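Undergrad: Take this structure, written in structure tokens, and hold onto it; I'll ask about it next.
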Amino acid sequence: MSVADDDLGSLQGHIRRTLRSIHNLPYFRYTRGPTERADMSRALKEFIYRYLYFVISNSGENLPTLFNAHPKQKLSNPELTVFPDSLEDAVDIDKITSQQTIPFYKIDESRIGDVHKHTGRNCGRKFKIGEPLYRCHECGCDDTCVLCIHCFNPKDHVNHHVCTDICTEFTSGICDCGDEEAWNSPLHCKAEEQENDISEDPATNADIKEEDVWNDSVNIALVELVLAEVFDYFIDVFNQNIEPLPTIQKDITIKLREMTQQGKMYERAQFLNDLKYENDYMFDGTTTAKTSPSNSPEASPSLAKIDPENYTVIIYNDEYHNYSQATTALRQGVPDNVHIDLLTSRIDGEGRAMLKCSQDLSSVLGGFFAVQTNGLSATLTSWSEYLHQETCKYIILWITHCLNIPNSSFQTTFRNMMGKTLCSEYLNATECRDMTPVVEKYFSNKFDKNDPYRYIDLSILADGNQIPLGHHKILPESSTHSLSPLINDVETPTSRTYSNTRLQHILYFDNRYWKRLRKDIQNVIIPTLASSNLYKPIFCQQVVEIFNHITRSVAYMDREPQLTAIRECVVQLFTCPTNAKNIFENQSFLDIVWSIIDIFKEFCKVEGGVLIWQRVQKSNLTKSYSISFKQGLYTVETLLSKVHDPNIPLRPKEIISLLTLCKLFNGAWKIKRKEGEHVLHEDQNFISYLEYTTSIYSIIQTAEKVSEKSKDSIDSKLFLNAIRIISSFLGNRSLTYKLIYDSHEVIKFSVSHERVAFMNPLQTMLSFLIEKVSLKDAYEALEDCSDFLKISDFSLRSVVLCSQIDVGFWVRNGMSVLHQASYYKNNPELGSYSRDIHLNQLAILWERDDIPRIIYNILDRWELLDWFTGEVDYQHTVYEDKISFIIQQFIAFIYQILTERQYFKTFSSLKDRRMDQIKNSIIYNLYMKPLSYSKLLRSVPDYLTEDTTEFDEALEEVSVFVEPKGLADNGVFKLKASLYAKVDPLKLLNLENEFESSATIIKSHLAKDKDEIAKVVLIPQVSIKQLDKDALNLGAFTRNTVFAKVVYKLLQVCLDMEDSTFLNELLHLVHGIFRDDELINGKDSIPEAYLSKPICNLLLSIANAKSDVFSESIVRKADYLLEKMIMKKPNELFESLIASFGNQYVNDYKDKKLRQGVNLQETEKERKRRLAKKHQARLLAKFNNQQTKFMKEHESEFDEQDNDVDMVGEKVYESEDFTCALCQDSSSTDFFVIPAYHDHSPIFRPGNIFNPNEFMPMWDGFYNDDEKQAYIDDDVLEALKENGSCGSRKVFVSCNHHIHHNCFKRYVQKKRFSSNAFICPLCQTFSNCTLPLCQTSKANTGLSLDMFLESELSLDTLSRLFKPFTEENYRTINSIFSLMISQCQGFDKAVRKRANFSHKDVSLILSVHWANTISMLEIASRLEKPYSISFFRSREQKYKTLKNILVCIMLFTFVIGKPSMEFEPYPQQPDTVWNQNQLFQYIVRSALFSPVSLRQTVTEALTTFSRQFLRDFLQGLSDAEQVTKLYAKASKIGDVLKVSEQMLFALRTISDVRMEGLDSESIIYDLAYTFLLKSLLPTIRRCLVFIKVLHELVKDSENETLVINGHEVEEELEFEDTAEFVNKALKMITEKESLVDLLTTQESIVSHPYLENIPYEYCGIIKLIDLSKYLNTYVTQSKEIKLREERSQHMKNADNRLDFKICLTCGVKVHLRADRHEMTKHLNKNCFKPFGAFLMPNSSEVCLHLTQPPSNIFISAPYLNSHGEVGRNAMRRGDLTTLNLKRYEHLNRLWINNEIPGYISRVMGDEFRVTILSNGFLFAFNREPRPRRIPPTDEDDEDMEEGEDGFFTEGNDEMDVDDETGQAANLFGVGAEGIAGGGVRDFFQFFENFRNTLQPQGNGDDDAPQNPPPILQFLGPQFDGATIIRNTNPRNLDEDDSDDNDDSDEREIW
């Protein structure tokens, strides 16, 4: 059936009737219990979805274009129809409830990508939890511009700074792709590109035709009709839902309680009847209460008939009850669901929940009243109204579902019609029920008919269901000329026309929705409309119309104000330049600002005749006021940042509005100095003032940025008008004056005795404005300000206040004032302190007619005037003992007044100004010490680093980059040496650092050597370049007689008191004054005031002072200043000095200076001659230094060699010295043990003799093939799993620290370790066994290396190295070994269980593992150059370990006995390869346990292997084509060696192959020869390692080199040629002369199981996986890098998430799991089990994970950005991070040598001890790994947040991890975050906690599955399937994961 145009009306009626009468359906009509309610919800959802989809699809005709048949439906019952057949079928609720349908509206996963295409519109896709948000610094207009993973196209952002964030519940947003205003350059949407690729496929044409039906006018009309009806229905339902409104909710409860208590049942029934939802389809069956008299109590005594039926009690979420409070309150309400915790969780998650429901009203009333006694919000709601509200919820969910259908045509139509219906007028307003009469009837006390705001103040609609009048304010022209001390006169309109659209109604009802519905509505409406180019401006305009309503609602009438829609609206709408332009042009900005002012005004008071904001003092549990304040200020700042015309904020109405807002916080927070006792409780009220005033400063700075960017286009008259308004307001305040010297009026005020404020935003604003115009124009604008001191004095008070606090004068006010002062003074983002300096500079310039008055006013404000005038002496001022420190601050202030001139400079361009500021900031941040890029960037104010291009340019100009040297440090930037001279330690930029320490650092860089540091004189940085001409005389006040007197008195104080506290600064100030005078009056000028006041006399006294009085630097500075003064005016100066000190004193001084090379009375000609000689001497010294340097560099060439001592002949027979690491005793007779880590190794791989990739590549050092990425074949994956489980593949790793056995036992007992899990007491390396040792000595044994090679090598022979044992020794070592065997389970538990196993056979197992350890060393050395001898060099510790293991084996057989050679620990089996290195295993076994020479053993082994290899290789090539292809492939990789005639003959003797079709018959032998050499190489190298270990046992001296057959092995083998290496090595280790000789031998082959079917071992490079060259690739192109994946099958949206890890062992992408155990599960199931390394691309970290005991640490990923940074900082700004091979090689070295466990334990330190202890039986159920990050070398590396963690408790080696993942959250107070209380000792108090655990308890984690009884938690997962992880929020994972975490429902996705 098709719907024609004339049928739309009837369809509209059907929709309206169906929705509004849904309560009449029998299935929904009556109340039901909690379980039935859940079934009803599912049925209701399916009913809404089926019906609306059927209607919107033209009676189901177009459903096939939207959905496919659900696969379950076809499988379960093919008879069931896929889609509804008719309207009747669609609304057949019985069919739904009887489960005869399966939802057809499942979205086709194969087409899910289509939903991301957004041709012709913005994307607007809402980010999901776990998905990345991409920001491009170059492309985005600001930080709010983001792209989703589907739209982000890496091609658009090559070489750009692209950074990512992971979407969480708190960092969300929508994709801005397609929004041209959001991007600086056109972007090419990736989703659209994919669509274009698909559209070229002919198979898609049919789908495109099907989609076109949604462009049909009939279908468009249908969509519009359906959406209009559902939105109208939604509005109608929530218009009548006034019960949850905070304005009347309590009144309803009170009224119901009173009616109940007073027995007014009829009135109560009537009241409830009036409140409940009604429409035209209600009938009397739901209630019997009517207005007829027959229902009165008198007519019918039966109350049951009066009470309405079917009512519910609904509890709403709020933000001021915690979990326990809510649970207690719910219990009092006696809910019908016994699971209170589930109810509480639902309230928190959903936002509301039904407490109970009943047909009988009296059954629910008690609970309704009871739950509210504890303050919970509850409503008494009729069942029908609840049903309609649930219907509305599912309608919104249905719309959400529609927005995700992968049909682009449908999306376009649906979204357009959604915008149209929402933005259209709500025409049904008059037809629907008006709640105004109900409110007026029952709440008349709140409903004043004469109040025009009666509707908005109750948050209800006006008459006729219209948007009510808001509290708007209009600023008239008459109020734009000046700023009122209170509030400027404004007009309040009595009426206003609103659009009255559906959108406005839905937003107006925002405070009525519950939490989940509120979020869903916002997620449906805001992204959809904000992404529409057509409806976005309409949406914005309609939001602005009711901005006043929403803002007031948030402040006064919202239960959950943090959920307000206005926040997201501001971000999505007001950040759009077009919208912002419209807002300003329509003057809506004024309405927004006055709406915000209106709310602030509610909390203002009048102080000193001025209206200022005061802290909220009324109870506000929801924090709605704070949220409203912050949101309002953020809105203003956001709009100002998007101003297109910089004149707009300066227009009269706008500037008055902004100034009114700023004025409310001007000096709002005042503090007063406390005296007497210290405060017990510090005042924290300042926080709110600080917070909001900071926002005001941000608004001011935003306005300043806008004006700065478009300075040339601003009307200067607007600037001057603004200056006039502010100065008039600030300058006309009534202040008290006092008279100084009967002639100078200064302002009377005492900072230390009166209330004073830090922050004065208006003063800062005035400073900004004055900076933008010339001083002359600004001065003329001050026409209404007669005394600028009235303005500047408030800034001066702030400066003095900060200084008094800094010196400890306000100590009794507590620490909080110190933090406030620091925040205000040292915060460059505020810029307020420097602006205070600026205003005081202006006072000096503009009040220049009476400079003494200014100086007196400054002295008085600093409370130094009484001292200056002589009324009090120096030691009895108000500051008492802190006077010296306050003067130190005073001098710094005066110096800054004199030298800080940045606000008076004029630059040719904005960039020049910014570059000057950036360079200065960098210089002052780098001079103290070099900094990493991130630290430096954080140190520089944000407004200077918005464009990092400019920052980088300035950084390059002023600094030198120092590359990182270590493996964990960052690169740093160091200030250029030439720039240290430009650093002034008394400048504002150095405010945070002390003068003297800063000066010392600067001098140390300027001085040539340490002795010269004190002699360096720092030059004050004073400049008049680019200065406004009216500011040239800024320093004139310092040349005034009054100020000279101040300086004189201060110098005199220093001399009199012999106090140098402030003398350094004072002399620097004097120096600055002289420098400024020189710039203004010429180089030979000295201020007259400093001549009339004999400053020179005081300088001479300081210069000649004793060394214990003043420091050398002070004396040098005074001497320098005096010298400069004398040079300029010698006669006057000497006359003054002689008058004071006499001739002799002055002559002595002259002589001293002459000895220093300074003639104070020399002529100009003499001075030039002296300087020329000095220059000549300097050049000569320079040549001498160069000569000395040359000699040092070539010292070795000039030294003679005769002094060398030859030590070769000296023999050393003594054994190695053993010292116990614990007791430090080396003389004890106790046996020693060494700690060792004994576990599986991941390095053994099977080989393929026909794979040229294995044999042809050169061993040329560590490498990374970024083209290969991370693909690994299945054989490798299988080998990794086998390596982690097969007992024959274990190795040893040891730190080789010797410990007495008895000391070790005591250590283990004391630390509560076990012998198979402990950390080395010296280096904290994790160990799981000990190896007993004793000293060996070659003395008197006759043993030598040649003997081992030529005659006999066995353990019997080697045991002669032991000294004779006593019987006691035997017993002791025997017991040690017995204990070792027991604790280590024979070093292989499976072998130990064998029936014929005896303790003696342990030596066989140890020998296998020792051979593996040698193999590990050899494999690791393949990565280093030169490969031929790399295994010899830089491996002292490894050889020491090998020697110790061998000694242990020797000692074992010597004490316990020889093993049975009939016993085979790893017997040969047809399908089992125990050891890939079987050939070397044979060599070791024969060498140690057979009385034959080593050469004979090696010869037999290599001969057998070579023959087997050649036969298998040559016979395995079947035809010429195969050979040719193999040869070509091999030649492409490397050089195939040519066989010689001799070698060809030798090869043919073994296998003579004749093959037709070959170009050359020799190529098959060339291949065989080349591959054979590479196959022999590993075993030959291992034999050499074996020999070197033997050499270590019997060498004569420490430095003796390895010599075989008279050849020094390392020198002999050090070359690259493989063939020559093999031949020479074979000559050394076998009985043959070469490989040819080996192959042609006629000796019989030894028969041994190990030499039969020898497995081939991989002989290539073994390392961690190949990584992408750039780490960013994993983030920006994660979908293109096709890695194997491992995740839960329940995880949705996995392809779009960045919270994954990449296993560096096997290359699998491991997705985050809900239980956070993804790493452990991966290692145990699919990879190498014991340990692993995981790359976390999103955070640029590597997680090193140990399975047993479960532990994590985080280290920086081996990627560096261009600034040499690693880790999180490397990618923070989107920098390109490149793989650093050196660091990756270091990580690989840890992995390949089995050193990751030890590295983890060393990093964790003593905390690893807790990890070991908590891994026992008792602790197992409460263990999570301890995530720890490496402490960075750069101390400023930030964001050390806790990372991912895994968990595994191993009961036995075969135990499946799935059986061990259950645990209780925080059962013993120990979790992933560490030990409670932070100390390791606290862990051992867990027993107390455990006793409490057996008590029943509630679960405080609302989002996690609920706790079972604690004892069940303790007993593990077999008693409880829910796994609870502390601090895991399921909402931060995929939502589907939180439903089901049981591993039985999980599988690995590959």
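Quick reminder: no glycine exception, Cβ is built from N, Cα and C everywhere.
Here Swiss-Prot flags H118, C151, C177, C189 as Zn(2+) 1 binding site. According to Swiss-Prot, the Zn(2+) 3 binding site annotation covers C136, C139, H157, H160, on the basis of experimental evidence. For S296, S300, S1938, the entry in Swiss-Prot reads phosphoserine. Annotation comment: Swiss-Prot describes 678-681 as region 'Ubiquitin-binding loop', evidence class experimental evidence. For 1165-1200, the entry in Swiss-Prot reads region 'UBC2-binding region (U2BR)', with the evidence type experimental evidence. Marked as Zn(2+) 5 binding site by Swiss-Prot on the basis of experimental evidence: C1220, C1223, H1300, C1303. Summarising the annotation, Swiss-Prot assigns region 'Cap helical domain (CHD)' to 1333-1665. What Swiss-Prot lists as Zn(2+) 7 binding site is C1703, C1706, H1722, C1727, and the listing cites experimental evidence. Annotation source Swiss-Prot lists region 'Disordered' at 1826-1846, 1893-1950. Taken from Swiss-Prot, the feature compositional bias 'Acidic residues' covers 1833-1846, 1934-1950.
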Undergrad: Cβ within 8 Å of the Zn(2+) 3 site centroid (C136, C139, H157, H160 excluded): which residues?
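TA: Not counting the recorded site residues, we get H137, E138, G140, D156, H161, V162, G1774.
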Undergrad: When DSSP states are grouped into helix, strand and coil, how many residues of the region 'Ubiquitin-binding loop' (678-681) land in each?
TA: 0 helix, 0 strand, 4 coil
Undergrad: Say you check the Cα of C189 (Zn(2+) 1 binding site) against those of the binding-site residues C1220, C1223, C1706; which is nearest?
TA: C1706
Undergrad: Looking at the region 'Cap helical domain (CHD)' (1333-1665) alone, can you tell me the average pLDDT?
TA: 86
Undergrad: Looking only at C-alpha atoms, tell me how far H118 (Zn(2+) 1 binding site) is from H157 (Zn(2+) 3 binding site), rounded to the nearest Å.
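TA: Cα-Cα, rounded: 20 Å.
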Undergrad: Specify the count of other C-beta atoms within 10 Å of the C-beta of C177 (Zn(2+) 1 binding site).
TA: 30
Undergrad: Just to be sure I understand the packing, how many Cβ atoms besides its own are within 10 Å of the Cβ of C1223 (Zn(2+) 5 binding site)?
TA: 15
Undergrad: Using a 10 Å radius around each Cβ and counting other Cβ atoms from all shown chains, which of the binding-site residues C189, C1220, C1303, C1703, C1727 yields the largest count?
TA: C1703
Undergrad: Neighbours of the Zn(2+) 7 site C1703, C1706, H1722, C1727: Cβ within 8 Å of the Cβ centroid, same chain, sequence order.
TA: L1280, E1686, T1705, G1707, V1708, V1710, L1723, N1726, F1728, G1732
Undergrad: Looking only at DSSP and grouping its letters into three states, which state does C136 (Zn(2+) 3 binding site) belong to?
TA: strand
Undergrad: Report, as a single number, how many Cβ atoms besides its own are within 10 Å of the Cβ of H118 (Zn(2+) 1 binding site).
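TA: That number is 24.
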Undergrad: Determine the Cβ neighbour count for H1300 (Zn(2+) 5 binding site): the number of other Cβ atoms within 10 Å of its Cβ.
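TA: So the number of other Cβ atoms within 10 Å of H1300 (Zn(2+) 5 binding site) is 22.
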Undergrad: Around the recorded Zn(2+) 5 site, report the further residues of that chain (criterion: Cβ within 8 Å of the mean position of the Cβ atoms of C1220, C1223, H1300, C1303; site residues excluded), sequence-ordered.
TA: A1221, L1222, Q1224, D1225, S1228, D1230, I1299, N1302, F1304
Undergrad: CA-CA, which of the binding-site residues C139, C151, H157, C177, C1703 lies nearest C1220 (Zn(2+) 5 binding site)?
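TA: It is C1703, whose Cα lies nearest.
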Undergrad: Any idea what DSSP makes of C1303 (Zn(2+) 5 binding site), helix, strand or coil?
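TA: In three-state terms, C1303 (Zn(2+) 5 binding site) counts as helix.
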Undergrad: From the binding-site residues C1303, C1703, C1727, pick the residue whose C-alpha lies nearest to the C-alpha of H157 (Zn(2+) 3 binding site).
TA: C1703
Undergrad: Taking the center of the Cβ atoms of H118, C151, C177, C189 at the recorded Zn(2+) 1 site, which other residues in this chain have a Cβ no more than 8 Å from that point?
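TA: After dropping the recorded site residues, what remains is H116, K117, N122, C123, L147, C148, H150, C175, G178, L187, K190, A191, E192.
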Undergrad: Identify which of the binding-site residues H157, H160, H1722 has its Cβ surrounded by the largest number of other Cβ atoms within 10 Å, counting every protein chain shown.
TA: H1722
Undergrad: What is the interatomic distance between the Cα atoms of H1300 (Zn(2+) 5 binding site) and C1727 (Zn(2+) 7 binding site), given in whole Å?
TA: 38
Undergrad: Measuring Cα to Cα, tell me the gap between H160 (Zn(2+) 3 binding site) and C1223 (Zn(2+) 5 binding site) in whole angstrom.
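TA: A Cα-Cα distance of 59 Å.
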